[in-house]
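Right, one structure below, let's go through it.
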Amino acid sequence: MPSAHYFPLELHASDDDQDCEEQEQLVDTDHRSSMLSNQYNLHYHPQLADYDNDNRTPELGMGMGMAPRLSRPGSSRRRYWLPMLIITSFCVIFYLMFSSQALGLGGSFNDGDDDFEPHSGQGKRWVPFPYQVSELKFLTNEHKIENQNSSSSHALNESLHICSESHEDRRLYMQDKPHSAYAQLPVIYFVTPTYPRREQIPELTRLAHTLLHVPRIHWLVANDYERCDTYMDMLLNRFGIPFTHLSSPMPHKFRSTKPAPRGVANRRAALQWIRQHNLTNGVLYFGDDDNTYDLRLFSEIRQTQRVSMFPVGLIADYAVSGPVVRDGKVVAFLDSWVAGRRWPVDMAGFAVNLAYMSLYPNVNMPYKPGYEEDLFLRSIGLHIDQIEPRGMNCTEVLVWHTQTKSKKAPIVRLEKKFLDGRSNLGALFRSLKEMGVASVSDTEGPLATISKNGKGKAHSYFLS
C-alpha cells in the first residue's frame, strides 16, 4: 500500500462546556498528554512549563527616591499589600481565562446546542499542546507504520500491522436470501477490539456466528498483540466474512496505569484504517467480542444518518445505560456513572455514519479510561438534537454487555511422549495451546485424569 500523509487525530470540542468545575473533571492535567498524541508513532513536544507566577506579579515596594512618610504602625504595610493583592487577583483571573482558551474548552458551558463549525478555522478546537506531524507508512505483511521524522523522547510509539484481510464475501445465503439480494445496503464496519487470553478464541467464534447472519458487513478485528496471530488469521478467514485483522498493541507507557485504557489502541487503529481507505459510505460500530447482539440491531444501525443511539443492557448499577427519549427526541441520558461526561453512554450504545464522520478529519479517541466514548463523540461535533434514537425509541435492549469470567490458562501435567499420533490428545492440546486456552507439561500443573467406567487409570493404561 503506498505511503500517505495524514493529519493528526486531534480533539475538537463539539460545543461549549458548562462550568470550570466540569472542565476540571473532563480534562485533568495528569492525562493531557494521552489526549494529544493520536497519530501512529506521533512525537509531540513535552508539556510547556508552568507559568512562573512569581514572574507574573511585579515586585511592589517603595518608589525610588520617595521620602518616608509618617504614619501609624502597619499602615505602610497595608499600602504595600493592597496593590499587590489587587494585581495578583487580576493576574489569576487573566490566567484562568486564557488557560481555558488554550485548552480549547471555551469560557462558557451549555447543553451543546450552539452552532459549531469545526476544521474550518472556526469554532473551538481542543488541542492541548504543540505537536509534530510525522510521515507515515502503512504496509502489510508485518511491516510497521514508521515515524520518519521522530525527534521527541515522549512518543506514544503506537504501532499497527495489517496481518491479513479479505474483501470477498464468500457467504452464499444470509437469512434465507442470496448474497445478491443485499447489494444495495450500506456496509457496516464492525470494529472489535480484542486481546490475548484464554477466552479470546471462543468469544470471537461466538461473535462470528452472529455476524454470519448479517449481510454487507466488514469485520475489523484489532488485536492487542505485538505480533500477528496466525491462528486468528486462519479462524477469521474460515468464516467467509469480509474482514481485516489488525495487530495494534497498547503503547507500553499505558500498560502500567490503573486502570489501563484497554481497547483504545485497537479502536484507534480501526479509525486509522478507515481513514487510510478514505471510507465515507457506510456505518461505524464498535462491538466488543464478549457482548451479545440481537440481529435486529444491525438493521437498526444500518439506517444511521449521523449518530444513532440505543440502550445497552447489563451496564453497571442500573443494569442499563442509554438515552432518555421524549416525543421521539433524545433529551438526556440514564447511566449510573455520569462523572461529568456530556455523553454518558456505553461504547456499544451508538453507531456513526461514515459520511458524517468524514466531516471531522480530526476524529479521535483518547487514552482516558472511562471517557473514551464521551471524548470520541465530542470530537465529531455531536449535538443532542442530532441523535437518532433506535430500538423503538430506546424502549428495547438490542445489545447486552455480557462478560465471560476470565481465568488464567492452565497447565496440564501429561507426559509428552503420549502426545504423538497414538491418540487425539496431541493434536487437541496443540490446538488449545495455539488458541491460548491450555498447555501441557511433563512436570507442572495438576496431573491429567483419564478414566473409564468411573475409575481413573494411569496414562500408560490407555496410551502405551
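Glycine is no exception: its Cβ is also placed from the backbone N, Cα and C atoms.
Whatever TrEMBL says is automated annotation, not expert-curated.
As the structure is a computational prediction, the values presented were derived from the model and not from experiment.
Copied over from TrEMBL, here are the features:
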| type | residues | note |
| --- | --- | --- |
| REGION | 48-69 | region 'Disordered' |
| TRANSMEM | 80-98 | transmembrane segment |
| BINDING | D290 | Mn(2+) binding site |
| ACT_SITE | E373 | active site, proton donor/acceptor |
| CARBOHYD | N393 | N-linked glycosylation site |
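Sequence-distant contacts (6 or more apart, same chain, Cβ under 8 Å) of the residue listed as 'N-linked glycosylation site' comprise V325, G328. Residue pair E373 (active site, proton donor/acceptor) / the residue listed as 'Mn(2+) binding site' shows a Cα separation of 18 Å. Summarising the environment of D290 (Mn(2+) binding site), the number of other Cβ atoms within 10 Å of its Cβ, over all protein chains shown, is 20.
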